[in-house]
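For reference, the structure discussed in these notes is given below.
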Amino acid sequence: HPFAADDESSPYSYSTVFDDSEMAGFDFEYDFCQPKVLTCTPEPDAFNPCEDILGYSFLRVLIWFINILAIAGNFTVLLVLLTSHYKLTVPRFLMCNLSFADFCMGLYLLLIASVDAQTSGQYYNHAIDWQTGSGCSTAGFFTVFASELSVYTLTVITLERWHTITYAMQLHRKLRLRHAVPIMLAGWLFSVGIAVLPLLGVSSYMKVSICLPMDIETGLSQAYILLILVLNVVAFVVICACYIKIYIAVQNPELVAANKDTKVAKRMAILIFTDFTCMAPISFFAISAAFKVPLITVTNSKILLVLFYPVNSCANPFLYAIFTKAFRRDFFLLLSKLGCCKSRAELYRMNYFSAYNSNCKNG
């Protein structure tokens, strides 16, 4: 049986099967020579099939590529934005929060990939220690906190874009940093609270090897899963509604002429819609499972975990920051401080001040 182990440290108990041919020439009692029935505890079930953490070999390769991309990309964005000498605006502040959330998702994937690599081919020897230990709890906290903070921040970014475009000519209604800080503080408290609940007995991170809160045995745990899913769906509806209004607003030629953020809004509309499109299959299968009508096995859900769940964490730093002109300017200015790309940085600096002076002359 695949759960059988060769060492005495295995958390699973088993008995050995003897073959009659091996006993030839020995005068044993008849009862002893009969083949014994192999028993393993705990027995594999729907939540813990007899397989490694990731299950598929190709996922073991992809998860390393994705988590390194997520960690490196988001760390670069955080480093550049936080070290920039330009004023910390509301969009920059929100982007920092989004990058941190996606960075935490990268840490979760790194932890899962590392444990999978260490236990490859013998996860049955480590299953109980991993799933009931602090490592799985830490991984679960990271992923729930990161996903909820990311969704919350994406919603706030969308609302900020909508507010900026809708009230472009009313400067007194512009969203300031003093408004954005308490809004994001509420998001942090909410995300931490949601991630801590499974550690306090509401659902559990110990149910499956990938440390997601899949325990729905009690009514409270079921309500917890449904709450997360409903909030994510509501966030998606709010984002879609805001960007429909933005799309309608930017069709007004007077508003287009007056508002310099319309191109950014159009780009972010596509990006955020793509983000939530990636989350749609996960939400669909999770809602069905929450109602105890699972439409997908844990083994197949690991494909969603690697191919869909973290895609946003990899794509967001590139699509929201790294591919923008403002970020490239800040990036080369940072490199110039380290003695690299000084001519390129000076060119970006001259272009920035030229555009700034032009805007000042135009009022």
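First residue shown is number 1, and so on along the chain.
Yeah, the Cβs are placed from backbone N, Cα and C, and that goes for glycine too.
All TrEMBL annotations are machine predictions without curation.
Taken from TrEMBL, the feature transmembrane segment covers 61-82, 94-115, 139-159, 180-203, 223-248, 269-291, 303-323. Sequence annotations record features per position, and here TrEMBL assigns domain 'G-protein coupled receptors family 1 profile' to 73-320.
If you look at the transmembrane segment (61-82), the same-chain residues 6 or more away from its ends with a CB under 8 A from one of its CBs are 54, 92, 95-96, 99-100, 102-103, 105-107, 109-110, 112-113, 116, 306-307, 310-311, 313-314, 316-318, 321-322, 327, 330-331, 334. Contact between the transmembrane segment (223-248) and the transmembrane segment (139-159) is supported: at least 3 Cβ pairs lie under 8 Å, counting only residues 6 or more apart in sequence. By number of Cβ pairs under 8 Å, the transmembrane segment (303-323) is matched best by 94-115 from the list 94-115, 139-159, 180-203. Tertiary proximity for the transmembrane segment (94-115) is limited to same-chain residues at least six positions away from its ends with a CB under 8 Å from its CB atoms, namely 53-54, 60, 63-64, 66-71, 73-75, 77-78, 81-82, 126, 130, 135, 138-139, 142-143, 145-147, 149-150, 153-154, 156-157, 160, 180, 184, 187, 191, 210-211, 306, 310, 312-314, 316-317, 320-321. The average pLDDT computed over the domain 'G-protein coupled receptors family 1 profile' (73-320) stands at 81.
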